[in-house]
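A.B. asks: A single structure is presented below for examination.
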Amino acid sequence: MASASARGNQDKDAHFPPPSKQSLLFCPKSKLHIHRAEISKIMRECQEESFWKRALPFSLVSMLVTQGLVYQGYLAANSRFGSLPKVALAGLLGFGLGKVSYIGVCQSKFHFFEDQLRGAGFGPQHNRHCLLTCEECKIKHGLSEKGDSQPSAS
């Protein structure tokens with residue numbers, strides 16, 4: 001009978017990696033798989049799209065407007081450098097404003113994967129090892145029953 005239970009434990013743990021090879025994000029109960037490739041893909045898309053769709057156009061438009069204002073005489077050109085300092089500053093400000101204006105779009109892309117990312121350092125539960133507090137996690141990380149319990153509504 002003891003050999004049957006030992007064999008049952010081996011079958012149960014056969015699909016789990018050994019503890020020495022488990023990552024910090026491994027949870028035996030939820031089997032949460034963090035899609036790091038998807039996260040890096042979203043970050044790369046956000047960087048490229050924010051550059052091409054917002055930062056570059058804002059920068060070019062602000063530089064053209066500033067050059068036009070200097071040419072029309074509304075802004076004074078520097079005697080040594082001409083309009084270059086004002087145009088360069090306008091370009092930098094336009095670039096920065098373009099990047100900042102795209103933050104909301106990138107946040108909405110990350111919210112699409114919110115459930116998958118919640119255990120990987122995003123959201124209020126980012127310090128927890130598992131999304132679900134299983135018995136193995138409680139034992140492994142020494143979680144107490146007092147700290148994990150939530151107050152009742154009554």
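Just so you know, glycine gets a Cβ as well, placed from its N, Cα and C.
Residues or ranges marked as region 'Disordered' by Swiss-Prot: 1-22. Swiss-Prot lists 1-120 with the feature domain 'OCIA'. The N6-acetyllysine annotation in Swiss-Prot covers Lys41.
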A.B. asks: Please average pLDDT over the domain 'OCIA' (1-120) for the predicted structure.
C.D. replies: 79
A.B. asks: Tell me whether Lys41 (N6-acetyllysine) sits in a helix, a strand or coil according to DSSP.
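C.D. replies: DSSP call for Lys41 (N6-acetyllysine): helix.
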